[in-house]
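Below: the structure, in structure tokens.
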Amino acid sequence: ADYEWTFQTSETAGEPGFVNKQKWADDVATLSGGRIAIEILPIGSVVPHTDTLDAVGAGILQGHLTDPSYFSGKDPAFAMMGNLVGAWSDPFELLGFMQSGGGNELYSELVEPYGVKFIGAAATEPEAFVSRLPIRTVEDLKGVKLRAPEGMVYEIFSKAGAAPVSLPGSEIFSALDKGVVDAADNTVFATNQALGMNDIANFPLYPGFHSLPMIDVSMNKQIWDGLPEDLQEILLTSVKQFSFNHIYSVRQLDASAVEQAKANPEIEIINWSGDERAKFRRIAQQEWQNWAPKTAMTQRYYDAVTAYLKGRNLL
Amino acid sequence: MAKVAEIIHQVEDHDAEVRTGLDHALTQAAKFFAWAIFVAFLISVVEVVSRYVFNSPTFWAHETTSFLIAAVFLIGGPVALARDKHIRVRMFYDAVGPKRKRVLDIVNSLIALVFFGGLAFASWIMVSKSWFTPTGAFHLEGTGTSWNPPTPALLKLLVLICVVVMFVQTLLHLIAAIRRPADPAAPVETGAE
Amino acid sequence: MDLSALGIEYGSYLLVAAIFLLLLTGQPLAWVTGLVALVFTFGWFGPMALPLVTSRIFGFITEYSLVAIPMFILMAALLDRSGIAKSLFNGMRILAGRLPGGVAVQTLIVAILMAAMSGVIGGEIVLLGILALPQMLRLGYDRNLSIGVVCAGGSLGTMMPPSIVLIIFGLVANVSIADLFVAAITPALLLLAFYVAYVLFMCWRNPELGPPMSEEEAAQESLASALRSLAAPLFIVFVVLGSIYGGVASITEAAAMGVSAVMIISLFRRELTVKLIQDSLVHTLETCGMIIWIGIAAAVLVGVYNLMGGNRFVAQSILAIDAPPVVIIMVMMVILLVLGMFLDWIGIALLTLPIFVPIVIQLGYDPIWFGILFAVNMQVSYLTPPFGPAAFYLKSVAPREITLKHIYVALLPFIALQLVVLGIILFFPPIATWAI
Ligand code: NA
Ligand code: NA
């Protein structure tokens, strides 16, 4: 191959996201007639997940496919753009905003100073919620000890009356199992079901309502600038292809996992009504307003998202 | 039985090899820094009590504990170096005479200097990226939570500090090894060959 | 200097050779591993790649589960200095009565209790090393036997649930962590049984290795006083296990709960002073410095080896085999054992599992069973030279006259026992899978 690159992802090797990202790399190889060979590595293989942006900029990695929230410590705009909690309940809404609401342009502008070229966005199905307690309404969140990760999630759940606990990913299982926490914000339903999360916490909330992270596919800008136009076009197009493939594949996996969970009489899947989802979104919106004035970029992003959501009659 | 207790005590306090003034200063400073572990312990207990008893987990305990322990891990490097406690394979080293041992000490110090020098260079880049945005504006990298303490920026600076301290420690060890008489019976002043 | 011209195969050989050679100079192990990683980063990818090294340092030290390690070490230092450790072992000696090796067997039982209290290796071995090793030596136990019991027993923490190794395997392989936990219990107990049987057999053949009390001594000691001396340690175990299994604290926090239990007890025994706390803290800081910098260096090595394409090298070795499935599994075991000599488990997991697990599933094997094989294999890796974390942890707290060589020699029979258990699970999978 003319170009041999290493891209690091934000998933472990077993997660559906990782497998689909490998398929994307295969597609790029095929479409480019073997001129580009990309090796896809799992989370933490070369640098910690919080450092891939710098590593791509420095050319240590040639690219990454990751969740921008991991860079929130560098700039609050990453937290908002990576996972605007409560904003999206369908990945195509997020992709629509990226494509036609100004999202792509803003995100490109955000990462460019780091020496990184944003190729395109993908998204996953809304993340599921695992819980030991039946949480049927926003009201039920009151006093629930729930694990929340970095970003905006913590504050929003706190506003909704819950008692958020910060715990690293490797502690979630044991903490839920023994009841240190009552619920946890974790990945998609299919993965939770496979990991046995729903067996120890019997009241999963699905489809999720809170978290729908963006997947950022980016590469080193210097390498990008040196690419012939046809290869640039192949990369741009293949990422769009990847975003479709990924959504449909997770949908299918979720569906069969839901069927499996339904067959288990001990598991009750809870699906929030539209009213409850709207209630939660209104709480989340207050927190968006708190984040908006942090920088010029967060304000522009906030304005763009609210304009898009209003135009779609979602706000 | 008392004898074993003595041996244990000796292991911990006396057979450490404090070679230079800097090493001595670090050994003293360790007595202060070690309390960070105690603070981390207290914070963990506070978090457990406020979560389990009062059902109100703190937003700060987890990140503070992480920060304190990470700092302890880093500082432990120079402190263990000061007391020559880092684990080595001594089979060959212990088998050679004082003359060769001195040569080995010199060579090892030189190799270690390359290591710490390389680390210092790399840490410098890491620190500059966590203290300044790509456009050059001053901004401390935070953890990215709602609280967002600037602990990553501080820890990255601490990496640089610890690496530089170990560089200087090693440099002083190198000087001491060069000055050391090749023949241990000879007085120090005439030791340099 | 462009090392990448070597290609991954010869690059791997050079890397290993460089580590071996530098180790012989008596240079601290952490600097050896770190330097080799640094030189390969520079030589393979150029100076712009060097931040990879410090990035991994930062990633390693901020790993939250490691917070438990200083807590365990602090617990051990306090126990040792307060005299609780001494009375515990006096009590255990009385309980052991006339049974040769009885104290070693009880130490193994303490080890499995601790295994249920922790998820990462490190703290437990240091704890046992501080607590049990001097006491066993004091009671006249054979040095090699004592070292082996401490290291092999102390490693069980990652086999017995809760275990970070199994959690990471579950996340990487996308299989149920609950099933892994259940499946791991029997093999963990089997390992324990083998260790106990070995100790009893050796001491039965030669009671000098684990001398029991004499008749006169036995006549003097009362069972009641023995039980009294066990009350304090049992309270500590109760606090730690209770806070984990009662849902009070996370595994990491439970270690801090243990520290508070030790403090409360020594307060009651009127042994707690500021000086005692201060000394224990300094000891903890220093021990952390030793063991964490080795971990830091290993983490850096894994990062650069992954970027060099180490995973491709592993994949090639597997895909080259044209043999029955069970042979492929055995080759995987051999690769894991060899890697276990040089890398720590997290590095091995990152490097091999993304390649191995899909093949295992494709061959029609149960990934849960393979997860248990992996966990047992990692038990072996803790003990094998030259990079044997258990040996380092023990060395960091053992009396200085005990060298790394002594430790590794002492570990050989225990490595053999682990390999036997590995073979048993390999050929009789139900040992792992019957419960799920
Ligand atoms: Na365990
Ligand atoms: Na090993």
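Cβ atoms here come from the backbone N, Cα and C positions, even for glycine.
Automatic, uncurated: that is what TrEMBL annotation is.
TrEMBL lists C:12-45 (among others) with the feature transmembrane segment.
Annotated domain 'TRAP C4-dicarboxylate transport system permease DctM subunit' per TrEMBL: C:17-430, in sequence order.
Outside the transmembrane segment (C:57-79), and at least 6 residues removed from its termini, the chain residues within Cβ reach (under 8 Å) are 85, 88, 118-120, 122-124, 126-131, 164, 233, 236, 251-252, 254-256, 258-259, 262-263, 266, 276-277, 279-281, 283-285, 287-288, 291-292, 295-296, 299-300, 397. The transmembrane segment annotation in TrEMBL covers C:57-79 (among others).
Annotation source TrEMBL lists transmembrane segment at C:108-133 (among others).
TrEMBL lists C:145-169 (among others) with the feature transmembrane segment.
The transmembrane segment annotation in TrEMBL covers C:181-204 (among others). Beyond the transmembrane segment (C:181-204), the same-chain residues lying 6 or more positions past its ends with a Cβ under 8 Å from any Cβ of the stretch are 100-101, 104-105, 108, 111-112, 115, 145, 149, 152-153, 156, 159-163, 166, 210, 368-369, 371-372, 375-376, 379, 413-414, 417-418, 420-421, 424-425, 431-436.
If you look up TrEMBL, you'll see C:225-245 (among others) marked as transmembrane segment.
Sequence annotations record features per position, and here TrEMBL assigns transmembrane segment to C:288-308 (among others). Same-chain residues lying 6+ beyond the ends of the transmembrane segment (C:288-308) with a Cβ under 8 Å from its Cβ atoms: 4, 8, 11-12, 15, 29-34, 36-38, 40-41, 44-45, 49, 52-53, 55-57, 59-61, 66, 69-70, 73, 122, 126, 343-344, 346-347, 350-351, 387, 389, 392-393, 396.
Look at TrEMBL and you will find C:314-338 (among others) tagged as transmembrane segment.
Annotation source TrEMBL lists transmembrane segment at C:345-365 (among others).
Per TrEMBL, transmembrane segment is recorded for C:371-394 (among others).
Residues annotated as transmembrane segment in TrEMBL: C:406-428 (among others). Outside the transmembrane segment (C:406-428) by six or more residues, the chain places 143-145, 147-148, 151-152, 187, 190-191, 194-195, 198, 329-330, 333, 369, 372-373, 376-377, 379-380, 383-385, 388, 390-391, 394-395, 398 with a CB less than 8 A from a CB of the stretch.
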Between the transmembrane segment (C:371-394) and the stretches C:12-45, C:108-133, C:225-245, C:314-338, C:345-365, the largest tally of CB pairs under 8 Å belongs to C:108-133
Beyond a gap of at least 6 residues from its ends, the CB atoms lying under 8 Å from the transmembrane segment (C:12-45) belong to 1-4, 6, 52-53, 293-294, 296-298, 300-301, 303-305, 307-308, 310, 313, 342, 386-387, 392
Counting only residues at least 6 beyond its ends, the same-chain positions whose CB falls under 8 A of a CB in the transmembrane segment (C:145-169) are 65, 101, 104, 107-108, 110-112, 114-121, 123-125, 127-129, 132-133, 136-137, 175, 177, 180-182, 184-185, 187-188, 191-192, 195, 199, 202-203, 209-210, 244, 251, 345-346, 349, 353, 371, 374-376, 378-379, 382-383, 390-391, 393-394, 398, 402, 406-407, 410-411, 413-414, 417-418
